[in-house]
Amino acid sequence: MSNADMFEANHDELDFEFLGNIRGKDWRIQTNVYGNGSTNVGREERYHLWFDPSEDFHQYSILWSDNLIIFYVDNVPIREIKRTEAMGGDFPSKPMSLYATIWDGSEWATNGGRYRVNYKYAPYVAEFSNLVLHGCAVDPIEKSPKCDNGPTSKAIIPTGIMPEQRSKMEKFRKTHMTYSYCYDRVRYTVPPSECVVNAQEAERLRRFDPVTFGGRRHHHHGKRHQRNRSSQSEATTI
């Protein structure tokens, strides 16, 4: 979701991104949140999927309200962002449209840029089915919303995460999450205000990558160089 066509200098954005895949390895997705052009503050999370998304259709959903964002895969919540006062305009608040695209992220998407797109396999095709939208349509000129506030619409749209769903989210994150900006000690010495730090998540990621998530520094010897942060954070989870 984005409004970059209407707000070039201060756009909002909510992303589901399928990262480059290596044959035989788990597929990975990334979620991201930008508000008011805050692209200098990355809010990425990355996860392994428990299925091959190229073999069949699956459901990918985003709940976006005035103070809450939830990402879902097959009706399982995988990420929750609650608006905080300190976020200010960093929380997406302007009307957005939904779009899908295929773009070349060779510089970073597959093992930190180690594997680039091979265009001999083009054209690349993405297929979508059963697109459903609930919410308020906004006139692009007048920018006035027209909302469907009937009882059917309200019954369909959740207002938060129920206990059973939260349990599923915690299990997913424990099993599949490989990166979260909230625990990245290299980028943020203090987590951004919206981060809810989970001690178990922090410890698991710290064991997985003590440099990125533990704040440790490499000791350099001779001409050996530290690997970049992207390739560290995208290694395979054990």
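Cβ from N, Cα, C; glycine included.
Copied over from TrEMBL, here are the features:
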| type | residues | note |
| --- | --- | --- |
| DOMAIN | 1-128 | domain 'GH16' |
| ACT_SITE | Glu13 | active site, nucleophile |
| ACT_SITE | Glu17 | active site, proton donor |
| REGION | 209-238 | region 'Disordered' |
| COMPBIAS | 215-228 | compositional bias 'Basic residues' |
Stretch-averaged pLDDT - the domain 'GH16' (1-128): 91
Least Cβ-crowded entry, counting other Cβ within 10 Å, from the active-site residues listed as Glu13, Glu17: Glu17
Helix, strand, coil residue numbers for the domain 'GH16' (1-128) per DSSP? 12 helix, 37 strand, 79 coil
